[in-house]
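S.K.: Below you will find the structure I want to go over with you.
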Amino acid sequence: MSDNEAEGRAGPAGSLFIIGGGLRPVSMMRAYIDLCGGADAPVVIVPFASTTPVEQGERMKQELRSLGCTHATILDCTLASSSVGEVRSAAGIYFTGGDQSRLRDCLAGTPTLAAIREAYERGAAIGGTSAGAAVMSRVMLSGNELLNPGIVSPEEGDNTEAFSRIQQGNIETTEGFGFLEGCVVDQHFVRRKRENRLISVILEHPRLLGIGIDESTAIVVSAGGFDVLGESCVIVLDAAHTTDMGVGRGGSLRCVGLMMHVLTEGQRFDLATRTVMPSTRPQFASGEGGAI
């Protein structure tokens, strides 16, 4: 599917709750539970990005239940056929953190992923943090560098040599789940200084909108735009009107007129017009919750 192929279609009835990783403020997670329909809404946790999915799923279940979500369950790691109905009828589906490629490989082409799409089309709130954020877009950052292989461990964070240049052909992308069309999502964005990574991808895919979500921060995607929640910021990169795009010495990418927005809680971004406006969502007091 092309970057803008989905334009003109009626959008899904559901919403996306995309978290940049790190600590999750209690108020932010309560906002997710409210988006799902409140305390009695059935929420299915998908922990397959983790190397320890059972333990990760249990931690997330306890976090949600401590916040009043009484019907949080963990998706069966065997993807048994009986789990498809559970997913299809869920009011919320939540992807935990870890390695986004592992999560994609577990679910791609399965009846379970098809059921998640059906739930989203019907009205479910699809949430995810860290790796669970990266899979939301169709063009997905794998976390790897092609010209510097092996330099990054997605579960341990980037080291000081990671993504040190804005360079052609360096950032590996693959196909994500495509819940958010026309965009590419990056996570832990400010905390881990990932601007070189996202700029590189946007200059090679200028029709895509780059969305870098920092830790303890989320975007809530609905009705053709997204609202920012949380304690840090969201960086939006828009290359739609850049000029003099090209490649310099050593494969360095260049452009003139790249637009950047730095958004915080209380702001909304319209995905159709690519403009910023005040959010109508309530703002919340800070307070630590769980981590990845």
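All residue numbers here begin at 1 and follow the chain in the order shown.
The backbone N, Cα and C atoms fix where each Cβ goes, glycine too.
Note that this is a predicted model, so its numbers are computed, not measured.
Pulled the feature table from TrEMBL, pasting it below:
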| type | residues | note |
| --- | --- | --- |
| ACT_SITE | Ser130 | active site, charge relay system |
| ACT_SITE | His188 | active site, charge relay system |
| ACT_SITE | Glu215 | active site, charge relay system |
S.K.: What is the separation, in Å, between the Cα atoms of His188 (active site, charge relay system) and Glu215 (active site, charge relay system)?
M.R.: 5
S.K.: Let me know the DSSP-derived helix, strand or coil state of Glu215 (active site, charge relay system), please.
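M.R.: In three-state terms, Glu215 (active site, charge relay system) counts as coil.
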S.K.: Take the C-alpha atoms of Glu215 (active site, charge relay system) and Ser130 (active site, charge relay system) and report the distance between them in angstrom, rounded.
M.R.: 8
